[in-house]
Amino acid sequence: MKNNNEIVEIYTDGACSGNPGPGGWAAVLIYKGIKKEISGFEENTTNNRMELKAAIEGLKALKRPCKVNLYSDSSYLINAFNEGWIEKWQKNNWLKSDKTPVENQDLWKELLEVSKPHQINWIKVKGHSDNEYNNLCDRLATEQIKKHIKENP
């Protein structure tokens, strides 16, 4: 990016039918007015894993280091970065304060890795409200679940 003030906006969401159950994730990337939608499916997963997967895949879609505003309705995802949970988990060898292992370590570690090249603002949005792109992500993630359930009854 030539102009360091240019920001990529990434909206993410995950959905799960049952928890655990079949799940979908989606991300919408917006840069200079151009919108890219990506989404995917996992057979047996949880809503939190899908929220993390959406952020991972959104960041993996970037072709070079960027300034990013990443929007999610997942407190689990946003608070891990904004409240310093992730640093504490790393310092404590991926154990929570109650000494139990952090869930979804594989995805947290992958998310940290794909985050490294970027400057990211982690922004919480209200789910199922009037945020156009959060609602679009929710729809795309849910469509992934419906599509796979229909194809594999």
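A Cβ is built for glycine as well, from the same backbone N, Cα and C atoms used for every other residue.
Copied over from Swiss-Prot:
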DOMAIN    4-146  domain 'RNase H type-1'
BINDING   Asp13, Asp138  Mg(2+) 2 binding site
BINDING   Asp13, Glu51, Asp73  Mg(2+) 1 binding site
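Where Swiss-Prot records a feature, it is marked here on the structure.
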residue	record	Cβ neighbours (10 Å)
Asp13	Mg(2+) 2 binding site	32
Glu51	Mg(2+) 1 binding site	27
Asp73	Mg(2+) 1 binding site	22
Asp138	Mg(2+) 2 binding site	20
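The two recorded residues, Glu51 (Mg(2+) 1 binding site) and Asp13 (Mg(2+) 2 binding site), have Cα atoms 5 Å apart. Mean pLDDT across the domain 'RNase H type-1' (4-146) comes to 95 in this model. DSSP gives Asp73 (Mg(2+) 1 binding site) a coil state; it is part of no helix or strand. Cα to Cα, Asp13 (Mg(2+) 2 binding site) and Asp73 (Mg(2+) 1 binding site) are separated by 7 Å. For the Mg(2+) 1 site, the Cβ centre of Asp13, Glu51, Asp73 serves as reference, and the other residues of the chain with Cβ at most 8 Å from it are Thr12, Gly14, Ala15, Met50, Ala54, Ser72, Ser74, Leu77, Gly127, Asn134, Cys137, Asp138, Ala141.
A separation of roughly 10 Å, to the nearest angstrom, links the Cα atoms of Asp73 (Mg(2+) 1 binding site) and Asp138 (Mg(2+) 2 binding site). Annotation note: Asp13 (Mg(2+) 2 binding site) sits in a strand segment as assigned by DSSP.
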